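Annotated features in TrEMBL:
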type	residues	note
ACT_SITE	Cys233	active site
ACT_SITE	His312	active site
ACT_SITE	His396	active site
ACT_SITE	His400	active site
ACT_SITE	His429	active site
ACT_SITE	Asn433	active site
DOMAIN	89-377	domain 'FAE'
DOMAIN	395-475	domain 'Beta-ketoacyl-[acyl-carrier-protein] synthase III C-terminal'
TRANSMEM	28-49	transmembrane segment
TRANSMEM	69-90	transmembrane segment
Amino acid sequence: MAEKVAPSVDGRSPSYLLKLLKPNYMKLLYHHVVSNALYLCLGPLLVLLFPRLSTLTLTDLRELPNQPWVNLSAVVTTSTLLIAVATLYAMSRPRPVYLVDFSCYKPTEAHMATRGTIMEQFKKAGTFTDETVAFQRKMLERCGIGDSSYFPRSLLCTPINMSHRTAREEAETVMFGATDELFQKTGVAADDISILVVNCSLYNPTPSYTSMIVNRYKLRKDVMSYNLGGMGCSAGLISIDLVKTLLQVHPNSYAMVVSTENMTLNAYLGNNRSMLVSNSLFRLGGAAVLLSNRRSDRRRSKYQLVHTMRTHRGAEDCSHSCVMQEEDAEGKVGVALSKELMVVAGNALKANISTLGPLVLPMSEQLLFLAAMLLRKVFKLKIRSYIPDFKLAFEHFCIHAGGRAVLDELEKHLELTPWHMEPSRMTLHRFGNTSSSSLWYELSYIEAKGRIRRGDRVWQIAFGSGFKCNSAVWRALNTVLAVHKNPWTDEIHKFPVHVPKVTPILP
């Protein structure tokens, strides 16, 4: 007969106790001990003080001012000083920035394009060699995008119509679609908008995007408008950071951020492989966000902005040129991606999280990071750099859906689970890379799944040409109900889906 394992004193088997001694469980125990150190020390202190405090009577308290060691004037002076310092601190604190609501544009079915349709349009263009067509097919089969993403009508017609007129039509369709829905959801009047920021990297018409919105919605004459161009896929978070700064000096104001990209004039029709990737990844989309510093908006707002962190590596030639809009040998304009892109992105990410980490990570993770750094730098031990566990700092992650390779690298580097990566991967599969607006499609996914609870922290992180890595941290002010309208509402029950490494394009 097999020998029985003797139970422990509390009735649990030794195997259970051994399980608790595994590194993961020991680290979790360490995290809870350090995070609650103050409370753990407070208990014994109260035990020590209780015998003394229990002997105090009302007579002892009345006689306290008459004690020779009590200086009443000093007490009054100190109390006054503390009150003054507390008041000064309260007045100098930055104004809170609330995210009232946001909307993502969902194109009509007339814009929907399967990968097979996209391949047919490439062939009809008549400018691609057979090798280029085969390469683009390979990219489309491996990029992680499904058959329900959207293209502008200008690139779906025959022949394709790449003109300023169709580019402006695309811009108006996306921007106005997202903004109309935002005004409808929030109930805010257009003339209440004090600050307007629009970002679009590759298409900057005259009049500008901001002027198009001002004209369409008849915004006030003193509206502060900013048009950001050429700043890549991370420009949406740059817009948020700009609004945060402006709201510190303009009280009781509403600010609107519109993030989009334009595909019509930026489809690449040449045969340079480094420029063909954008044809496979980018899709039609845009988002509008309403922010406020009015304290009366706190109750109805979804989130409060906690931190923004911007990292710019443009001083390095390799970083500056790794994403570059230029002409190929035939004079055709496209966006070239260098082979060093993933290395550059990794370095930018490290720089960004090394600055953001101390602001968001619990003390337990900061101590481990510091210990590892001291062992490597001071004691010269050959150990790998400690990667903090950001899952202890955030409940949700919105990582820019730049492509399957980007998401794979960040999942590995940040040691995230498939559940944490689900919003980014499903956004890439359903809507493709919508540039700076992709982060909002990802947050919409989390909301549609009913995962946002009051107090949850959300980390948005995006990469852009230059090279830039930007972050924004939000805290949920309310539990977001899944019934809120967003681009996922009607189909969220279908997700998540399995996305194979290679998905053949059906004829």
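Placed from the backbone N, Cα and C atoms, the Cβ positions cover glycine too.
Automated prediction, rather than curation, is the source of TrEMBL annotations.
For the domain 'FAE' (89-377), the model gives a mean pLDDT of 93.
The two recorded residues Cys233 (active site) and Asn433 (active site) have their Cα atoms spaced 9 Å from each other.
For His429 (active site), the count of additional Cβ atoms within 10 Å of its Cβ stands at 23 [all protein chains shown]. Ranked by CA distance from His400 (active site), the active-site residues His312, His429, Asn433 have Asn433 at the top as the closest. Counting in whole angstrom, His429 (active site) lies 19 from His396 (active site) by their C-alpha atoms.
Comparing Cβ neighbour counts within 10 Å across the active-site residues His312, His396, His400, the minimum falls on His312.
Residue pair His396 (active site) / Asn433 (active site) shows a Cα separation of 20 Å. A simple Cβ count within 10 Å picks out one of the active-site residues Cys233, Asn433 as the most packed, and that one is Cys233. For the pair His312 (active site) and Asn433 (active site), the Cα-Cα distance reads 22 Å.
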